[in-house]
Every structure is written in C-alpha cells, then in structure tokens.
Amino acid sequence: MNFRSSTLILALFVLGNSSYAQKDNSFNIKKQLEYCASQASQTLKVIPNDGTLPRAVLNGSKEWKFVNYKDWTSGFWPGELWYLYEATGDKKWEKEADKFSLFLTPLSVSKAGDHDLGFQVFNSFGNGYHLTKNPEYKKIILKTADTLATLFNPKVGTILSWPHNKYGGHNTIIDNMMNLELLFWASKNGGNKKLYDIAVKHAETTMKNHFRPDYSSYHVIIYDYETGKKLKGITVQGYSDDSMWARGQAWAIYGFTMVYRETKDPKFLDFANKIARVYLDRLITEDLIPYWDFNAPGIPNEPRDASAAAIVSSALIELSTYTKDKNLKNEYLAKSKKMIESLSDHYQSREVNSAFLLHSTGHKLAGSEIDCSINYADYYYLEALLRLKKLN
Ligand code: GLY
C-alpha cells in the first residue's frame with residue numbers, strides 16, 4: 001500500500017539536497033511504468049472469464065497459471081491494476097481493477113482460512129479504496145479485518161498463520177507481519193479499536209521471538225497454545241531452520257517499517273533498521289538481487305528471488321523517509337534504486353512472457369515455482385517504481 005503523501009512531501013524536502021537526489025537523472029521510471037502497463041494489457045487478453053486471476057508463469061512456459069480468490073496471492077493482480085490506475089489515471093485500469101477486486105468479495109464473509117487476508121483484501125480493496133473512496137470497498141475491508149482478528153491468540157500474542165497446518169502448536173510465520181496493515185487501517189477507519197492493539201501485540205511478540213541474535217528471521221515460530229511459550233523456530237520455505245530465507249527477511253523489513261509508520265513507536269523503527277542491516281550486509285550479489293536463501297548451499301549456482309528484491313526495494317524507500325541518520329538514508333535510497341534498476345535492466349520478462357519480472361522463487365524445497373514469474377514480485381516492483389517516482 002501507499003504510505004501517506006505527507007510523508008513523501010516531507011521526504012522530498014529532506015532529500016532535496018542529498019547526493020541521491022542530485023544523481024537521480026538517468027533511470028527512466030516513466031518508461032518502466034509504461035512497460036508494466038503494456039505487459040499487463042497483454043495479460044488481460046488471456047485471463048479466462050471464470051473468476052480466476054493470474055498467479056505465476058513457470059520457467060519454460062509462456063502461459064499464466066490461474067488461481068481463484070482463495071489463493072493467498074489473489075490480491076496481487078488487482079493490486080497491480082490499481083497501481084496502474086494510480087500511475088496513469090486511465091479509467092481502463094480502474095474498471096479492470098474493480099472487476100478483479102470484486103472476485104475476492106467472498107473472503108469478507110467467510111471464516112478465516114489463514115493469515116493471508118491482508119495480502120488478499122488490502123492489496124486489492126485497500127488500494128482501491130485509497131484511490132476511489134468507494135464505500136462498498138470499505139465495508140469489505142472492515143469485515144475482513146474482523147475475520148483476520150479471529151485468528152489472534154491472546155495467550156501467545158500473535159495471529160495463528162496457518163490454522164490447517166499446526167506443526168504441534170500455534171504457528172506464526174514472518175510473512176504475517178504484512179497482514180497487520182489491514183488491522184491498523186481498519187482500527188483507524190471506523191473498525192474496532194482493538195484491532196490496533198492486536199496488531200501492536202503481534203508485532204511486539206514477533207520482535208521478541210522471531211529473530212536470531214544477528215537479527216535474521218526464522219520463517220515459522222511454534223508456540224504452545226496454552227502457555228504462549230515459544231517452542232521452536234523452523235522453516236517451511238527456507239533452506240533450513242537456521243537459514244535466512246530471503247523473502248522471509250524481506251517481509252520482516254517491509255512489515256516492521258509499516259508498523260513504525262502506523263504506530264510511530266521508535267522501537268519499531270530501530271528494529272526495522274537492524275533487520276535491514278543484516279539483509280544488506282549479507283547481500284553478496286553485485287546486482288543486489290538475492291539468492292532465494294542467504295544460506296543456500298549451492299551459491300552461486302542457486303536460483304535468485306527477484307520477489308525478495310522487489311519487496312525490499314519498496315520497503316527501503318519508505319524506511320529511508322523515517323531514518324534520521326543521513327548516511328543511512330542515502331544508503332537505503334541508493335541500494336533501493338540499484339535494486340530497482342537491476343530488476344528493470346536484467347530481470348524484466350519482456351517477450352518471454354507477459355509478467356513484469358522473471359527469476360523469482362516461490363517454494364524451492366517443494367520444487368514449486370522456481371526461477372519463474374510470480375505476481376507478488378510484479379506487485380512490489382510496481383509499488384517500488386511508484387514510490388521512487390513520488391520521491392523524485
Ligand atoms: N507468503 C508466502 C510466501 O512468501 O511465499
């Protein structure tokens with residue numbers, strides 16, 4: 001989601017004299033946005049008229065894999081369409097964004113399947129409400145926030161991420177940080193005020209339990225249902241329980257930056273800086289696009305994860321606007337810009353398929369979606385381009 005325009009105006013003022021702002025005259029953001037619009041126009045032509053949405057194009061294929069509204073990635077395609085509407089002002093995108101968002105409406109009246117409701121409903125209807133103020137979207141967002149809150153376990157202090165997959169206790173995955181934005185928004189826009197407290201408690205509990213001493217994140221923490229005690233940290237999508245899964249760390253950086261925006265509590269800003277630090281310090285690739293796991297054993301012959309780079313590049317732009325240290329601010333901006341340029345110059349799908357980007361890795365250990373195009377990489381890439389455009 002977009003962070004507030006007042007923050008951006010302030011950032012623009014603060015950054016006016018930075019070396020970053022002076023140097024930023026070569027990269028053509030408009031051209032990249034036009035590229036995204038052109039690719040999305042191609043995708044629109046091949047989506048079946050059956051309520052499904054494009055999720056991924058597997059390596060070696062040109063065809064999209066389509067999913068229905070229940071899939072955890074269902075909000076990214078409508079989110080991309082809303083961002084294209086924001087970028088262009090062209091009503092064509094608004095019409096399509098509305099159509100595909102509405103496919104997700106049942107999520108607001110169903111029992112909570114898992115924690116992904118924020119990804120699904122806030123990236124679709126949330127972006128839509130931001131741009132249109134459509135009261136129907138607001139009702140859907142508020143209802144869904146209440147649904148997500150039903151997964152909160154007060155004994156643990158976090159939301160249960162995967163009710164269907166228990167792993168011997170109450171599980172919480174790092175990705176879950178992203179879905180707190182839905183709760184914050186609802187609590188400030190007519191929803192139950194307790195949603196704010198739930199989001200803060202989840203973030204505090206995660207900050208305490210979900211990280212190793214070097215600030216790298218576990219993928220999953222298993223808690224005792226009754227006592228709330230942390231039992232163990234494990235992985236499902238990373239290389240090993242003790243490794244730093246690239247997208248997990250990316251969700252953490254983005255999530256804690258967002259929690260600072262919503263709470264203005266400096267402990268969250270300090271934490272976002274620490275977890276960004278370990279990611280940036282351990283990034284060994286020249287183009288700043290990570291391998292799918294920082295500890296993957298076959299590096300440098302391991303697949304990259306462009307989606308992690310897209311998420312981090314967007315998060316760093318926002319984090320740079322909150323960070324007072326001038327050197328750090330410039331580092332975040334310079335590295336974010338380098339990531340966005342790398343993605344634009346060397347990772348775009350172009351004629352290979354109609355996604356925006358290639359080379360993302362979904363679930364390596366399961367042999368699923370390896371080195372391919374995935375809609376969440378496209379969504380955060382487009383978001384990062386828009387954020388960069390606003391800063392400029
Ligand atoms: N939230 C699932 C993933 O990042 O793959």
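The chain as shown is numbered from 1 upward.
From the backbone N, Cα and C atoms, a Cβ is placed for every residue, glycine too.
Note: TrEMBL annotation is automatic and uncurated.
Binding of substrate is attributed by TrEMBL to ASP175, GLY233, THR235, ARG247, TRP251, and the same site annotation extends, among ASP116, ASP281, ASP287, to ASP116. ASP175, ARG247 are the binding-site residues among ASP116, ASP175, GLY233, THR235, ARG247 whose C-beta comes within less than 6 Å of an atom of ligand 1, given in sequence order. When Cβ atoms from all protein chains are considered, those within 10 Å of ASP116 (substrate binding site) total 24, not counting its own. Of all the Cβ atoms in the protein chains shown, 17 others lie within 10 Å of the Cβ of GLY233 (substrate binding site). Comparing the binding-site residues ASP175, THR235, ARG247 on other C-beta atoms within 10 angstroms of each C-beta gives the minimum for THR235.
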